[in-house]
Amino acid sequence: MSDCYYMMVSIDEKTELESDEEIPFSSSSATSKMEALDFEMIHLHSRADLANSWISRHIRMRVPKSIYFVLIKAKINVLLPFGPLAILLHYLTGQHGWVFFFSLVGIVPLAERLGYATEQLAFYTGPTVGGLLNATFGNATEMIISIYALKNGMIRVVQQSLLGSILSNMLLVLGCAFFTGGIVHYPKVQFFNKSAAVVNSGLLLMAVMGLMFPAVLHFTHSEVHVGKSELSLSRFSSCVMLVAYASYLFFQLRSHRNLYSPIEEEGNQGGDDSDDEEAPEITHWEAIGWLAILTVWVSILSGYLVDAIQGASDSFNMPVAFISVILLPIVGNAAEHASAIMFATKDKLDITLGVAIGSSTQISMFVIPFCVVVGWIMGQRMDLNFQLFETASLLLQC
């Protein structure tokens, strides 16, 4: 018994000794794992700090360059201070004539810079989407001015300014672009995509026909409910035109994109123009950011501009119709005018047509119906009756 007891005690002691010997080994293994984990965490933190420092350094380098390219480089930016001066004059003097003039001049460089930002964005989206974006943000000025005018009940100002925008794009902007492009590239013949131009022209004709129906209903005195049928027809036609424009966008961007691809010219096969290809000056995110900032600033100045229209008409002895049809569209189309001429001088007539004709199509098929719907929501009797002379002018230019 004593021998057995002695053997059991010795076995237990041996086991305890072995376990005691294993404890230091296991603790050293855990310590090494913890040290490895700490090393990995330190390494990850160092990499994250390096990435953050690179991002912050990149932002510090890009922001001044972006501000220089957008707000300083172009000569037209010398007109930018006119916007803040208009706001100061509004609160200090209350002279509507000068407030209108300074607001008008201050919006011109903003509209042109909107065109520049969309041009930079077109480097990343391609010519088709680029032309659509240029037309959209080029018309942002007209849309914002129209909404402010609708809010103040100035329905005729809205109608005449949108009519003037269509005529300005189709006659002044497109004519100047073709004329300038022909002079710069003489005696070379410039080419453009005929299919895209035919689709845009057909859609514009459809829009003008839609604008004719309320005017015909009014001047033939065939309304069932005088004053109500014309308004109801305008709102129904506006909804149909908005759906048609959405279908056109699907046609242009998804189902028939090949129709809008720029044609390849034979003269470019030699590779001479490869050195003339420009690189974007700002990134696509910077372009989107500047588009948002410039649109907000245009909307602020548009409010002061619309409030001063009647006062400017009285101060300068100038008809409100002249201000609406001539002056406001010229300012609103500054972006399209500059962009269309610039692309024509670079032998990119597809984008020129997309800007000029596409802008007119967008105003007639989207902006005008959109203003009718917005007026409907605001309780304003905005309709598509542009009066006989204005409607005839639209029909003739098509």
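Just so it is clear, glycine is given a Cβ too, placed from its N, Cα and C backbone atoms.
Remember, TrEMBL labels are computer predictions, not curated facts.
Some features that TrEMBL has for this protein:
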TRANSMEM  67-92  transmembrane segment
DOMAIN    98-253  domain 'Sodium/calcium exchanger membrane region'
TRANSMEM  128-150  transmembrane segment
TRANSMEM  162-184  transmembrane segment
TRANSMEM  196-220  transmembrane segment
TRANSMEM  232-251  transmembrane segment
TRANSMEM  287-306  transmembrane segment
DOMAIN    287-396  domain 'Sodium/calcium exchanger membrane region'
TRANSMEM  318-344  transmembrane segment
TRANSMEM  351-378  transmembrane segment
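Remark: the transmembrane segment (287-306) contacts the transmembrane segment (67-92), by the rule of 3 or more CB pairs under 8 A.
Proximity of distant same-chain residues to the transmembrane segment (351-378), defined by a Cβ-Cβ separation under 8 Å and at least 6 residues beyond the stretch ends, is recorded for 122, 127-128, 130-132, 134-136, 138-139, 142-143, 146-147, 150-151, 155, 158, 162, 165-166, 169-170, 173-174, 177-178, 181, 192-193, 196-197, 200-201, 203-204, 206-208, 211, 234-235, 237-239, 241-242, 244-245, 248, 260, 262, 333, 336, 339-340, 343-344, 384, 394. The transmembrane segment (162-184) shares the most Cβ pairs under 8 Å with 318-344, out of the stretches 67-92, 232-251, 318-344. In the domain 'Sodium/calcium exchanger membrane region' (287-396), the DSSP tally of helix, strand and coil residues is 92 helix, 0 strand, 18 coil.
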